[in-house]
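This report concerns only the one structure given below.
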Amino acid sequence: MAEELVLERCDLELEANGRDHHTADLCRERLVVRRGQPFWLTLHFEGRNYEASVDSLTFCAVTGPDPSEEAGTKALFRLSDATEEGAWAAVAADQRDSTLSLHLSTPANAPVGHYRLSLEASTGYQGSSFMLGQFTLLFNSWCPADAVYLDSDEERQEYVLTQQGFIYQGSAKFIKNIPWNFGQFEEGILDICLMLLDVNPKFLRNAGRDCSRRSSPVYVGRVVSGMVNCNDDQGVLLGRWDNNYADGISPMSWIGSVDILRRWKRDGCQRVKYGQCWVFAAVACTVLRCLGIPTRVVTNYNSAHDQNSNLLIEYFRNEFGEIQSDKSEMIWNFHCWVESWMTRPDLQPGYEGWQALDPTPQEKSEGTYCCGPVPVRAIKEGDLSTKYDAPFVFAEVNADVVDWIRQDDGSLHKSINHSLVVGLKISTKCVGRDDREDITHSYKYPEGSPEEREAFTRANHLNKLVNKEETGVAMRIRVGEGMNRGCDFDVFAHITNSTPEEHTGRLLLCARTVSYNGILGPECGTKDLLSLSLEPYSEKSIPLRILYEKYCDCLTESNLIKVRGLLIEPAANSYLLAERDIYLENPEIKIRILGEPKQNRKLVAEISLQNPLTVALSGCTFTVEGAGLIEEQKTVDVPDPVEAGEEVKVRVDLLPLYVGRHKLVVNFESDRLKAVKGFRNVIVGPS
């Protein structure tokens with residue numbers, strides 16, 4: 001009788017598997033592989049090697065607390081001669097001395113998560129069980145059979161592997177790129193992402209069913225959308241929009257997801273204070289990329305928050321044009337969400353591809369504060385019956401806006417406002433470049449096209465099909481040069497009379513600070529022209545001077561000022577409204593890299609900023625992050641005040657761990673100048 005087969009050890013071949021599965025950054029101390037693609041194992045036996053004629057090897061892979069073959073969370077499979085498509089399999093690849101090298105294959109629809117792998121070796125009537133190790137299984141956008149497959153290597157690099165990028169803020173007429181450190185492969189982040197799945201309410205209610213459903217990126221995306229906010233659960237971030245962040249961190253101060261996720265884990269899954277839309281979106285992007293789902297952050301300018309699903313945002317204003325209506329339905333200056341790439345077998349053909357997911361807690365979906373995934377194509381087509389939450393996302397990019405002026409006697413007059421169009425300049429970072437890509441066309445057909453009319457008809461969006469009222473008099477807000485924080489500047493109400501008649505009216509100009517979500521602050525400039533005459537076929541530009549001393553104490557960290565012009569013509573009973581959001585530029589953060597960037601060789605970054613204000617800055621700090629360049633976030637305090645016009649300079653030590661292109665991301669804070677962002681690309685060569 002043959003001697004019993006005894007396993008001495010199992011080599012999980014971390015280096016080779018990490019290279020083959022694009023998980024090298026995760027495979028330093030553990031095995032992380034992607035589903036639907038074989039990975040290597042080497043079995044080392046004591047005494048003798050495996051003999052096919054006398055030995056039987058049966059493998060068992062399980063995930064979750066209650067694994068079962070029926071749920072797809074347990075797999076039993078024997079060593080065989082060939083792989084079977086769509087099934088777990090083990091195939092011998094090489095045999096020498098007392099070692100046996102294997103290819104282990106996983107189905108392209110296996111649940112993602114943490115697995116335990118064991119072996120039962122039988123020789124005749126003898127048998128022994130051995131624990132081979134543990135591994136983590138991720139979605140695989142390189143595998144054609146996987147629901148997240150992308151056929152472009154450049155897109156896989158950008159949307160799965162790239163650890164830094166940009167989030168777009170500012171305004172539709174002044175788009176500002178904000179650098180962000182996603183850091184999905186940084187130390188401990190994968191474990192945190194898996195923990196996030198394991199504390200979601202669906203797992204707590206029925207762990208076996210939840211783990212089974214993790215085979216679907218649609219399901220996982222929806223769970224992540226709900227878990228990034230903490231409104232229903234032990235989610236990551238608490239949202240706050242009132243500019244009172246003293247007991248936490250201002251949403252504008254974050255520069256990456258890593259610090260947020262680590263804080264959440266460190267504090268026992270307690271909510272991190274505070275987030276706003278781009279922070280929710282960026283953290284969701286980190287989690288989804290880490291799990292292997294191609295994902296990008298998207299910004300929509302002039303984004304509607306339509307609560308009652310009538311695709312209409314109504315503003316009620318007093319006779320001076322000031323909004324007096326409820327703030328629950330608003331036009332946000334911009335709003336961020338994410339798109340993830342996946343098939344939709346639960347929907348009709350044609351709805352695969354980019355899916356919108358919005359983790360910012362706004363409205364409940366099936367009892368939970370989450371939104372999506374909904375096919376971007378369904379939004380474009382006006383197919384509002386499509387899962388999930390199509391009406392809400394459709395309204396964000398297509399809602400109509402009506403302004404009502406309420407007179408002293410209570411009567412309402414509809415104003416003409418062509419300056420505010422919902423759903424503009426929908427933006428994301430370009431693939432492989434530090435540029436902005438405009439993806440508005442993927443959400444909306446060209447304005448006025450037959451396809452747009454069909455989509456609006458399908459969505460029953462009748463407001464958009466009504467021709468806009470024209471009077472022959474138009475007004476828009478123009479800006480001058482030098483729109484920098486700390487400066488005085490001019491804005492202009494530019495009025496055009498395209499009619500053969502003279503028009504006379506009253507012009508009210510008002511500038512107020514504003515948060516990105518449309519909440520107005522105090523006035524910082526006004527003008528009231530009681531009698532303004534417009535000659536036939538003429539133009540006029542009326543200036544409004546905005547002084548730093550007026551806005552310095554009330555400008556929010558959004559750096560936005562809303563300028564409103566209201567032209568009232570009593571003779572024609574006409575109200576012409578124009579608005580524009582102005583973004584004030586922060587000073588530039590300059591970053592110099594001292595020395596040649598080489599792998600595993602110390603490096604110094606010199607970071608500087610010039611105070612643009614007329615007063616000194618105190619409490620100055622620089623915070624630095626950069627996946628692959630610096631292990632943990634570093635903060636450098638500046639002990640002395642920085643006088644007006646003076647330059648402040650600090651140095652930070654770096655240790656690049658990986659060859660390639662990385663971003664060093666910087667945030668500057670002080671008492672009077674906050675959330676100033678900067679970045680520098682660093683190309684690291686081999687040592």
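For all residues, glycine too, the Cβ spot is worked out from N, Cα and C.
As recorded in Swiss-Prot:
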- Cys277: active site (ACT_SITE)
- His335: active site (ACT_SITE)
- Asp358: active site (ACT_SITE)
- Asn398, Asp400, Glu437, Glu447, Glu452, Glu539: Ca(2+) binding site (BINDING)
- Arg476, Ile477, Arg478, Val479, Gly480, Glu481, Gly482, Met483, Arg580, Asp581, Ile582, Tyr583: GTP binding site (BINDING)
- Cys230-Cys370: disulfide bond (DISULFID)
- Cys370-Cys371: disulfide bond (DISULFID)
- Ala2: N-acetylalanine (MOD_RES)
- Lys468: N6-acetyllysine (MOD_RES)
- Tyr516: site 'Important for catalytic activity' (SITE)
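Contacts of Cys230 (disulfide bond) defined by a Cβ separation under 8 A and a same-chain sequence distance of 6+ are given as Val236, Leu237, Leu238, Arg271, in order along the sequence. Over all protein chains present, the Cβ of Gly482 (GTP binding site) has 11 other Cβ atoms lying within 10 Å. In this entry, Arg476, Ile477, Arg478, Val479, Gly480, Glu481, Gly482, Met483, Arg580, Asp581, Ile582, Tyr583 make up the residues listed for GTP, with the farthest two CA atoms of the set 19 Å from each other.
Glu539 (Ca(2+) binding site) sits 40 Å from Cys277 (active site), taking the CA atoms of both as reference points. According to DSSP, Ile582 (GTP binding site) sits within a strand segment. Ranked by CA distance from Cys370 (disulfide bond), the binding-site residues Asn398, Arg580, Ile582 have Asn398 at the top as the closest. Cα of Cys371 (disulfide bond) to Cα of Gly482 (GTP binding site): a distance of 40 Å. Between the CA atoms of Glu447 (Ca(2+) binding site) and Arg476 (GTP binding site) there is a gap of 20 Å, rounded to the nearest whole number. Nearest neighbour of Tyr516 (site 'Important for catalytic activity') by Cα distance, taken over the recorded positions Cys277, Arg476, Arg478, Arg580: Cys277. Cβ neighbour count within 10 Å across all protein chains ranks Asp358 highest among the recorded positions Asp358, Glu539. Figure note: comparing Cβ neighbours within 10 Å for the recorded positions Cys277, Cys371, the maximum is reached by Cys277. When the C-alpha distances from Glu437 (Ca(2+) binding site) to the binding-site residues Arg476, Gly480, Arg580 are tabulated, the minimum falls on Arg580. The Cβ of Glu452 (Ca(2+) binding site) lies under 8 Å from the Cβ of Lys444, Tyr445, Pro446, each of which sits 6+ residues away along the same chain.
Burial estimate for the binding-site residues (Asp400, Glu437, Glu447): highest at Asp400, by number of other CB atoms within 10 Å. Of all the recorded positions in the record (Cys277, His335, Asp358, Asn398, Asp400), the one with the smallest CA separation from Arg476 (GTP binding site) is Asp400.
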